[in-house]
Amino acid sequence: MSLAFKIFFPQTLRALSRKELCLFRKHHWRDVRQFSQWSETDLLHGHPLFLRRKPVLSFQGSHLRSRATYLVFLPGLHVGLCSGPCEMAEQRFCVDYAKRGTAGCKKCKEKIVKGVCRIGKVVPNPFSESGGDMKEWYHIKCMFEKLERARATTKKIEDLTELEGWEELEDNEKEQITQHIADLSSKAAGTPKKKAVVQAKLTTTGQVTSPVKGASFVTSTNPRKFSGFSAKPNNSGEAPSSPTPKRSLSSSKCDPRHKDCLLREFRKLCAMVADNPSYNTKTQIIQDFLRKGSAGDGFHGDVYLTVKLLLPGVIKTVYNLNDKQIVKLFSRIFNCNPDDMARDLEQGDVSETIRVFFEQSKSFPPAAKSLLTIQEVDEFLLRLSKLTKEDEQQQALQDIASRCTANDLKCIIRLIKHDLKMNSGAKHVLDALDPNAYEAFKASRNLQDVVERVLHNAQEVEKEPGQRRALSVQASLMTPVQPMLAEACKSVEYAMKKCPNGMFSEIKYDGERVQVHKNGDHFSYFSRSLKPVLPHKVAHFKDYIPQAFPGGHSMILDSEVLLIDNKTGKPLPFGTLGVHKKAAFQDANVCLFVFDCIYFNDVSLMDRPLCERRKFLHDNMVEIPNRIMFSEMKRVTKALDLADMITRVIQEGLEGLVLKDVKGTYEPGKRHWLKVKKDYLNEGAMADTADLVVLGAFYGQGSKGGMMSIFLMGCYDPGSQKWCTVTKCAGGHDDATLARLQNELDMVKISKDPSKIPSWLKVNKIYYPDFIVPDPKKAAVWEITGAEFSKSEAHTADGISIRFPRCTRIRDDKDWKSATNLPQLKELYQLSKEKADFTVVAGDEGSSTTGGSSEENKGPSGSAVSRKAPSKPSASTKKAEGKLSNSNSKDGNMQTAKPSAMKVGEKLATKSSPVKVGEKRKAADETLCQTKVLLDIFTGVRLYLPPSTPDFSRLRRYFVAFDGDLVQEFDMTSATHVLGSRDKNPAAQQVSPEWIWACIRKRRLVAPC
C-alpha cells in the first residue's frame, strides 16, 4: 500500500474533508520520506496526525506564512494540499506562558504575571518599515471576552489546535481554554456563518494559486470597528465634501449696484441691532434685512459677505494694528495733535476717537455722501491684512478714508478692531439665517459653506414647496471645530443629577488643549481659541500619529498636549511647553493625551454617544508611550466613587476632574461637560487666596472704557523694602462697586510713562499701569482668590502669581502691615503645591465637603457644624501657623493670610470610611461628625467673653471648637477682640455675639459687628 498525505493549516484543520484534496504525486514526497522530523500528536478521522515544527520545504520562498504544519497519513494513491493562500494568511493565535511578566494585556491593560498562561494574537507590525508580525497578548479570559463582542465575520478561536504552541500547555490550561471555546461557540450560534473557504489550485510546478483573478493577499489596513457601529460616510449631500465653487450662490444672486450692498445700509442695520436690547429682536431685525432687503422687495446683496462682516469677532483677520498705532497713523492723516487723540482714547473707544477728529479735521475732511459698498470695504480689509509697514498701512487707511463719511470710517475701524458694538454674538446673527446655522457653523467653522447650504436648501424649497430640508451639522476637515466645554461643578450631587446615565471621570490635565486634524499626510493643530498652535509644541506629532492610527487616513482628535517626564512618567506643570521653559527639561517629551475622536476616515462621529466614541478610539488607536496616549478615564455610577476620585485628585495636587455623560454626544461650543476643581468646592473654601494691596490701575475697554476697571495687585518685600507685583485683577466687582471705586481710590494718572514709575515699585514694562497709588502704605487691601498660585516671571514677587484672579472681598479691616507680604506669599505657594489633607463626601446639594450634619450641632443660622476630632495637628500645620500667624498687629487687627489649598493650619475634613448605600442618614452623619475636623475660623483670635453674656456656654463652645482662644478677665490686655466694653484694652476690636455666628456661617472672619 502506498502512502498518501494531506497538509492542513490551523484555521482549516477541522473544516475540511477528504473530498477537498487536490491531487498531486511528487511535489511533497521529500517531506514524506523524512519521518524523523514529524511527531504523532492526535487522530483525525481515525488516522494519525503528525506535527512538523519546521516549515515544509516546498513552501519556502512562497507567499505562505511559516508556521506549524499538520500532516495526515491516509491510505490511498493520492496526496493533497488543502486551504488556499487567502485562508492561510488569516488571523493567527498563539499560546504560551508569560516569560518575564513585563507584557501587558491589550484589553485590561494589566501586566500578565510571569508564568501565567496567555493568548497572543499575531498582527502586522506597524512599527517596522520592513513589515513582519508582532503579538498582542491577552489574559485567557480577556481574549474570549474580546472575541465574544467581535463582529460575526471576525475570525474566532474554534478549536484548541488553532493556537500555536497548544501542545506545550498543561492539562489545566487546555481544559480552561476548551471550556471558553465551547462557551464562545454556544453564544455565537446565532451569528452569520463564516464565508466558504476558497479552494486553492496547484500548478504543474506545484505552486499554490488562487482561483480568483487578481486576488490580493495583503492584510487590510482599514481601521477596526466594533459591533454595532458602521463607520460609513453619510451620502446625504449635506456635508461639505468638495471645495466651494468659485461662483457661489451668494455672489450669483447679488446685484453690486443695489443699495443693499452699500456700507450705509450695513451701518443702519448695525445701529438698529445695537439699539434693541432683546436678543430675539436683534435676530428678527437681521432676518428681515436678509429676506426683505432695505426696500422690502427682497434682499439683493451678498448674503455671505453681509453675515461675515456682521461677525468680525468670530471670523477674525489679523491687521497688525492696535489702538495706539491707529491713533498715531490717523493723527498724521488728519494733521492733528497725537497727544490730544491719545487723551481722547482714554475713553476706551478708538473708533469714536477717529470719528470725532475726522469731523474736526480741516486738511482732510470727510466725504459728503456715503457711496462705499461692502465689497469695497472687504477688499480694503483684505489688502490691509497683508501690510506690516507703517507707511503702507497709512497709505491704505488714507485711501479708504478719502471716500468715507465720519460714520463710515467709524464702522471700518470697528471692523478692524473686531467689534461692531452691537452686543450680539454669532448665535443671534446665524439664527437669522437658519435655525441650525449656528450649530452647523460651530461644527465646521466654515461660514461660506454654511451660507451656501442654507441658500441651496432655500432653492430646493422654491422648486418643491413643503419639502424643506434641515441643515445638517457636520465637521469639516482641516477647519477647526469649536470645542465642547465644561461648566463648573460645585458638588457631587450636582454631577450625579446632570449625568443620570453614569459618567466618565477624566483627569483634568494641566496642559494646552489641542484639536488635531489629519488629512492624508497633511496635519493642522488648533488651540482652544481655534488659532494655530505654535509649531515647537506639535511639530513632531506628524511622525507618531500615523503609527498610533495605522488605519486612519483622515481624522479630527480632541486632545491635551503637555510635557511629560520620561523618568517618572508624570506630566510637568502648566506653562512648561514654552520654548525656553521646555529647554530646561531635557529628559521630557511633548505628549498628546487623546480623549475624543469626532471625525474618522470621512465619517463624522459627533452624533455618536461618548461611550461609542471612546470604544471606537480604543479600537483604532495604539498607544505610543510618552508620545501619543489615552487620557486616564474611569466610568463612575456611584456618588461615593466620584467623591473618592475628587479627594484623590485634590490630595495629589492635580488640577481637577472633567465629568462627561456616557450617553452624551459631542456638541461644539456647548458647556455640557462638568469640571471639578478645588476652587469650586465648598463655596471656594479650597481656593488659593491672598490679601494684596492695590498698587495701580488700568483703563478698561468696551463698556468699561474711560474708567479704572483692571487693578494691579501686589505685596511688600521686607528684604528689599520695595513693593512687588503679583497679578492683574479685573473680576469680582459689579458695576456699582466699580463706579464707587473711581472716587474712593486715591490714584495718580501716569499713562504708563516709565519716567513716572515710583522707585518703591518693582514692576516689569508690560505691567506699567495707567494709574499709580501715591502711597502704598495707605492703599486699599483686597482679598484676591484664584484657581491656584502659579509661576509667572513677568511678575516681580519672586515669580509668584495667581491664576484666574478675582476680588472676593474688600478688606476694610486690614492695612498694609496685616496684608500678605512676600515671605508669606512664598509660604502660601509652597503649601499650595503640597498634598492637601482633604476629603470630599457625597452630602447634600451644594455641600460637597461637609457631608451631612446632625441637628444638635447646628448654629443659629442652621449651618452645619461638627465637633473637633481629638487629633493632633500635623508638623506642617504647626510650622505654617508659626510662620504666618501674627496674633497682634499695631492696629489690633488679626493676621489672617490664607494659604492656597487650605487656610493655614486648616483641615477641611479627614478621610472617613465610606458609607454604604442604604444606611440611615443619621448614622452616616454621626460617622462624618466623629471623624471630621472643623475649619480653623478663629485661629489667632484671642477673645474676652464675659460670663454674663447671654447664651455664654453655647458661644464659648462654638468659639473654642473653631480654634479660638478665650482669655480671662485678668488677662484682657492680651485680647485681640472683646465682647463688651474695651475700657481695659482700647486697642482690641469690639465685637458682638452676632459676629461669632456670622463668622461661622461664612466660614471665615468677617468685619467686626
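Yeah, the Cβs are placed from backbone N, Cα and C, and that goes for glycine too.
Among the features that Swiss-Prot reports, transit peptide is placed at 1-42, with the record citing sequence analysis.
What Swiss-Prot records for 93-185 is zinc finger, and it gives experimental evidence as the kind of evidence. Confidence for the zinc finger (93-185), expressed as mean pLDDT, is 84.
Summarising the annotation, Swiss-Prot assigns Zn(2+) binding site to CYS105, CYS108, HIS139, CYS142. In the three-state DSSP classification, HIS139 (Zn(2+) binding site) falls within a strand.
Feature annotation from Swiss-Prot assigns region 'Disordered' to 224-256 (among others).
For the region 'Interaction with DNA' (277-280), the list of distant contacts is 423-424, 428: same-chain residues at least six beyond its ends, Cβ to Cβ under 8 Å. If you look up Swiss-Prot, you'll see 277-280 (among others) marked as region 'Interaction with DNA', on the strength of experimental evidence.
Annotation source Swiss-Prot lists region 'Interaction with DNA' at 318-323 (among others), citing experimental evidence. Same-chain residues lying 6+ beyond the ends of the region 'Interaction with DNA' (318-323) with a Cβ under 8 Å from its Cβ atoms: 329, 345, 350, 381, 384-385, 387-388, 393, 416-417.
Distant neighbours of the region 'Interaction with DNA' (388-391): 320, 325, 329; these residues of the same chain sit at least 6 beyond its ends, with a Cβ under 8 Å from one of its Cβ atoms. For 388-391 (among others), the entry in Swiss-Prot reads region 'Interaction with DNA'.
Look at Swiss-Prot and you will find 421-427 (among others) tagged as region 'Interaction with DNA'. Tertiary proximity for the region 'Interaction with DNA' (421-427) is limited to same-chain residues at least six positions away from its ends with a CB under 8 Å from its CB atoms, namely 270, 273-274, 277, 279, 282, 310-311, 313-314, 349, 414, 438, 441, 702.
Summarising the annotation, Swiss-Prot assigns active site, N6-AMP-lysine intermediate to LYS508. Under 8 Å, Cβ to Cβ, and six or more positions away along its own chain, LYS508 (active site, N6-AMP-lysine intermediate) finds VAL649, LEU654, GLU655, GLY656, LEU657, VAL658, LYS675, VAL676, LYS677.
Within 10 Å of the C-beta of GLU560 (Mg(2+) 1 binding site) we count 22 further C-beta atoms, all protein chains included. Here Swiss-Prot flags GLU560 as Mg(2+) 1 binding site, drawing on similarity to another entry.
Annotation source Swiss-Prot lists region 'Disordered' at 842-917 (among others).
Sequence annotations record features per position, and here Swiss-Prot assigns domain 'BRCT' to 933-1009 based on sequence analysis. The residues of the domain 'BRCT' (933-1009), classed with DSSP into helix (H, G, I), strand (E, B) and coil, number 26 helix, 12 strand, 39 coil.
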For the C-alpha pair, I'd like the distance in angstrom between CYS105 (Zn(2+) binding site) and GLU560 (Mg(2+) 1 binding site), rounded off.
25
Excluding near sequence neighbours, so keeping only residues 6 or more apart in the same chain, what lies with its CB under 8 A of CYS108 (Zn(2+) binding site)?
HIS139, CYS142
Non-site residues, in chain order, whose CB comes within 8 A of the mean position of the CB atoms of CYS105, CYS108, HIS139, CYS142 at Zn(2+)
LYS106, LYS107, LYS109, GLU110, ILE112, TYR138, LYS141, MET143
Suppose we draw a 10 Å sphere around the Cβ of CYS105 (Zn(2+) binding site). How many other Cβ atoms does it contain, all chains included?
19
